[in-house]
Amino acid sequence: MSRTSTEESELFNGPQKVSATEECIGPMRLTQEPIQVLLVFAKEDGQSDAFWWACDRAGFRCNIARTPESAIECFLDKSHEIVVIDGRHSRYFVAEAVCRLIRATKRSEHTVILAVVPQTPSGQEEPSVLPLLCAGFSRRYVENSSISACYNELLQIEHGEVRCQFKLRACNSVFTALDHCQEAVEITSEDHVIQYVNPAFECMMGYHKGELIGKELTELPKSDKNRADLLDTINTCIKKGKEWQGIYYARRKSGDSIQQHVKITPVIGQGGKIRHFVYIKRPHSDNNKQVHKINKDGEHSQSESHSLRHRDRRKESVDTRSISSRGSDAPSLQNRRYSSVARIHSMTIEAPITKVINIINAAQESSPVSVAEALDRVLEILRTTELYSPQLASKEDDPHTNDLVGGLMSDGLRRLSGNEYVFSKSTFPNLSQSQLAIPVTLNDIPPAIAEMLDDEDQWEFNILELEAATSKRPLTYLGLKIFARFGVCEFLSCSEATLRCWLQVIEANYHASNSYHNSTHAADVLHATAYFLRKEKVKGSLDQLDEVAALIAATVHDVDHPGRTNSFLCNAGSELAILYNDTAVLESHHAALAFQLTVRDSKSNIFKNIDRTQFRTLRQAIIDMVLATEMTRHFEHVNKFANSINKPMAAIEESSSNSEGSDSEGPASIRNSPENRLLIKRMMIKCADVANPCRPLELCIEWAGRISEEYFAQTDEEKRQGLPVVMPVFDRNTCSIPKSQISFIDYFITDMFDAWDAFASLPGLMEHLSENYKYWKGLDDMKCKSLRPAPPP
C-alpha cells in the first residue's frame with residue numbers, strides 16, 4: 001500500500017463505513033456506531049498497512065497518528081474504542097509513555113489499548129506482559145504483518161473487550177435513571193452487603209450513601225414492629241430465586257419506624273446463581289391495604305391484606321393438565337366456546353406481566369376518573385411491548401414435556417467443535433423449472449381431484465387423500481382453489497398462469513423425503529388458515545391484504561425445511577445456523593428463500609405488478625407471520641393475544657349484556673387496531689401450523705406418526721454424528737407416542753386453542769381436540785407406546 005509522504009503530525013483517515021450494530025442489556029436495546037480505531041505508528045510499514053486494511057475489512061473507522069502529540073489530539077477528538085500503539089521501536093517514541101498519556105485522559109476509561117511488540121528471537125524466553133499492563137495496555141499483539149491475523153485480532157477485541165466496555169458505558173444511563181427515580185432503590189450482593197442506594201433511598205431513610213455502602217443489612221437497626229418470623233419468611237423466599245412483595249417496617253436513622261411497601265427481586269448472574277438483590281421501596285399508605293372488587297351482584301368484596309404475595313407461576317409447578325379436566329362426557333358444542341372464554345380468565349400460562357395487568361385492572365375499579373384514564377394508558381403501553389413471555393421451569397417428572405420444550409423452544413444446547421453439519425445441495429434438493437409438470441388451470445384439474453376440492457371449505461377435509469391423488473403435490477392443486485376463492489390473483493394483479501407457476505416453484509422446494517415437513521403439511525396449514533379466515537370475527541378483523549398475506553405465509557412457512565429442528569442445526573454448526581446467528585434459523589430461512597424464489601423469475605413472480613408501498617406492507621406481514629411459527633416465543637404470542645384481545649373483548653361483551661343501548665362498536669375497535677390485527681394474524685398461523693391435534697382422529701393419528709418418525713430420524717442422526725441428543729425420549733426403540741402427544745397437547749395446544757376458540761368460535765375443533773386427547777390418554781393408560789392399540793390375539 002503506497003501513500004504520499006506526510007509530516008510527522010499528519011493524521012490519515014481510514015475506512016469510513018457507517019453501519020451501526022445493536023447490543024442488548026436485558027430488555028435495553030443499544031445502538032453502537034461503527035468502531036473507531038487509532039493506529040499510532042511513527043513510520044509506515046507492513047504492520048501498519050496490515051492493521052489499516054484489517055480495519056477496512058472489518059468496517060471500522062481508522063485514523064493514523066505519527067507522533068504522541070498528534071495521537072493525543074486525535075484521541076481527544078474521536079474517543080476511539082481501540083488504540084494500537086507500535087512498541088517495536090523506541091527511537092521514535094516510547095510506547096508505554098504514549099499509553100500513559102492516553103490513559104491520563106478521562107475518555108480512555110472504556111478504551112482498549114493494544115501494544116504491538118516484536119517477535120521473540122528463537123531460544124530466548126518470552127518477556128513478561130506485566131510491564132505493559134502496568135503502563136495501561138489492555139493486551140499485546142506479537143508482530144505479524146498478515147492482514148488476516150490483524151483482522152482476527154481486531155474481531156476478538158470487538159467481540160470481547162469492546163462490547164463489554166460498550167455495555168459498561170450504557171450502564172451509566174441506567175444509574176442516572178435510578179438516581180432520578182422517585183422510588184427508593186437499594187442493591188445488595190448475594191451476601192446482603194449494600195452496594196448501591198439512590199437519592200430517594202437516602203431521603204426516605206435519613207442516611208447518606210457513604211454510611212451504607214459496604215455494610216451488611218444485618219448491621220443496620222431493625223424495627224420491632226415486624227412480626228418475628230417475617231425476615232425468615234422473606235429470606236426463604238428470595239433464596240429460592242422468587243420475588244417477594246409485601247409490607248415491611250424499616251427503622252430510619254432518626255430511630256422512628258416507617259411502613260414501606262417493599263419488592264425484593266433476586267438477580268441471577270454468572271453460573272446461574274443469585275448474585276444481587278434489588279430492593280424497591282415506597283412509603284405504604286393505609287389506602288393500599290385493601291383492594292375492592294365488584295362482583296356480579298354489584299357488591300364489594302374485600303380481599304385480605306397480605307404481606308407475602310408471591311405465587312407459583314405456570315411451569316414452576318408445571319403440571320399443566322387443563323385439558324385433563326375434561327370428563328368422559330364431552331361438553332356440548334354449544335357450551336364449548338363459553339368454557340373456552342371462561343378458561344381465558346384462569347389461564348395457567350400466566351406470565352408476570354399478566355399479573356401486573358390484573359392488578360392494574362383491579363386498581364381501576366376504585367380509582368378516580370383521571371387515575372383510571374392514566375392506568376388505561378399504562379395498560380396500552382404494556383400490551384404493545386415485549387413483556388409476555390412466561391417464566392418456565394423444568395418438569396422433571398415429565399421427560400416428554402422437557403424434551404419437547406428443549407427441542408422446540410431453544411436454539412441448540414452447546415457447540416461441538418469438529419462435528420459441523422453442513423447441508424449440501426443434495427440435502428436441499430431444488431427442482432428446476434424443466435423438471436416441473438406442465439401447469440394446469442383450475443378448469444383442467446382432473447375430475448377426481450376436483451371432486452375432492454369441493455370439500456376444501458370443511459374442517460374435516462382429508463388432505464392425505466389429496467396427497468395420494470396428486471402424487472404428493474397437494475399444495476399446487478389446493479393453492480389454486482383457495483387462492484381463487486379469496487381473489488388473490490385479482491388483488492395482486494397477476495395472471496392465474498403466474499400463480500400456478502409460483503405454487504409449483506414453492507412446492508418443488510419442499511422436501512418430499514421428509515415424513516412431516518413436506519408440501520402436504522404446507523397444504524394442511526394453508527387449508528386451516530383459509531378455514532380460519534372464513535370465520536366471522538376473523539374476517540371482520542382483517543382486510544384483504546391481511547388475508548392474502550396470511551395465505552401466502554401459510555404456503556411458504558416451511559419451504560426447504562430439512563426435517564431437523566433449529567436446535568439440531570445450531571448444535572451441528574450448520575451453514576444456516578451460522579448465517580442466522582442461531583436465532584430463528586429455519587423460520588428466517590423459510591421467509592428469505594420464499595421471496596428469493598418468487599422474484600427470481602418473472603414467470604413465477606406474483607408480486608411483479610403491485611406498487612412498491614403495497615409490496616413492502618405485504619412482505620412485512622408475510623415475514624412476521626412466518627417468524628411467528630418459531631416456538632421460542634410461543635407463550636409470548638399466546639399471552640399477548642389473551643390479554644390484548646380475549647380479555648378486553650370478554651369484558652366489553654359482559655358489560656354490553658348487562659346494559660341496554662351499549663356501543664356495539666367496542667369489540668370491533670379492539671380487533672381492528674393495527675397492533676391487534678398483527679396479534680390475530682400471528683395467532684391464526686400458529687394455530688394452523690399445529691392444528692393436527694384438532695383434526696379428525698384418523699388424520700390426527702397419521703400426523704402424530706409422521707412427526708414422530710421425523711424426530712426419530714433426527715435422534716438417529718444426532719447419535720451417528722456425535723451431537724447432543726436434543727429430545728432423548730424420541731428414540732424409536734423406547735418412545736411412547738401417546739405420552740408425547742399428551743405432553744404436546746397439555747403444554748402447547750390447550751391454552752392456545754382455548755384462546756383462539758374464544759375469539760373465532762371453533763366448537764368442532766375443540767370437540768376433536770377433546771376426543772383425540774381421550775384417545776391418547778386411553779392408549780397411555782393401557783401402556784401402549786404405538787399409534788394404535790395392539791390387535792386382539
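The backbone N, Cα and C atoms fix where each Cβ goes, glycine too.
What TrEMBL annotates here:
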type	residues	note
DOMAIN	177-241	domain 'PAS'
REGION	281-336	region 'Disordered'
DOMAIN	441-783	domain 'PDEase'
BINDING	H517, N518, S519, T520, H521, D558, D689, Q741	AMP binding site
ACT_SITE	H517	active site, proton donor
BINDING	H521, H557, D558, D689	Zn(2+) 1 binding site
BINDING	D558	Zn(2+) 2 binding site
REGION	652-672	region 'Disordered'
COMPBIAS	653-665	compositional bias 'Low complexity'
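Cβ neighbour count for D689 (AMP binding site): 22 (other Cβ atoms within 10 Å of its Cβ, all protein chains included). The separation of D689 (AMP binding site) from H557 (Zn(2+) 1 binding site), Cα to Cα, is 9 Å.
Each residue in the domain 'PDEase' (441-783) has a pLDDT score, and their mean in this model is 93. Residues H517, A522, V525, A554, H561, T629 surround the recorded Zn(2+) 1 site, their Cβ atoms falling within 8 Å of the Cβ centroid of H521, H557, D558, D689, which are themselves excluded. For H517 (AMP binding site), other Cβ atoms within 10 Å of its Cβ number 22. If you take the C-beta of Q741 (AMP binding site) and look for same-chain residues 6 or more apart in sequence within under 8 angstroms, you find P693, A704, N772, W776. Counting other Cβ atoms within 10 Å of each Cβ, the lowest count among the binding-site residues N518, S519, T520 belongs to N518. Sequence-distant contacts (6 or more apart, same chain, Cβ under 8 Å) of H521 (AMP binding site) comprise D558. When the neighbouring Cβ atoms lying within 10 Å are counted for each of the binding-site residues (H557, D558), the highest count belongs to H557.
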